[in-house]
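Record features (Swiss-Prot):
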type: COMPBIAS; residues: 1-11; note: compositional bias 'Basic and acidic residues'
type: COMPBIAS; residues: 12-26; note: compositional bias 'Low complexity'
type: REGION; residues: 1-28; note: region 'Disordered'
type: MOTIF; residues: 104-107; note: motif 'Prevents secretion from ER'
type: TOPO_DOM; residues: 1-39; note: topological domain 'Cytoplasmic'
type: TOPO_DOM; residues: 61-68; note: topological domain 'Lumenal'
type: TOPO_DOM; residues: 90-107; note: topological domain 'Cytoplasmic'
Amino acid sequence: MTSRRSQEKSYAEAAAAPPPKEAASSDVTPAVPADVIYKLLGFTAAMVVGPIGMYFITVNSGASSTVAGITAAITANLVLFGYIYVAWLDDREEREAASKKKEKKAQ
């Protein structure tokens, strides 16, 4: 007959086991602020609608398709540079706020 092992943990097993995890805090704030998402969606729409719209406006005004393509490419680049500029301004504002916070903490 085989012997049964008790269901309780031995002292060595209990000491080696990791401590029970505490409940995680219920922080439900989004990782990315909503205004950043709205800006991204706006520039995405501008990147889709702007160049295509400029292409068809240019073609319908009597210009060649080559000129219309160049106009669409320029429009896409303007939207891209606009997004980069807005992102740079947001980042600069965040860095200034963080430096002010550090200054205030140091005092």
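Yeah, the Cβs are placed from backbone N, Cα and C, and that goes for glycine too.
Note on the topological domain 'Cytoplasmic' (90-107): residues 36, 39 of its chain, located 6 or more positions outside it, place their CB under 8 angstroms from a CB of the stretch. Here the topological domain 'Lumenal' (61-68) has long-range neighbours at 54-55, meaning same-chain residues at least 6 beyond its ends whose C-beta is under 8 angstroms from one of its own.
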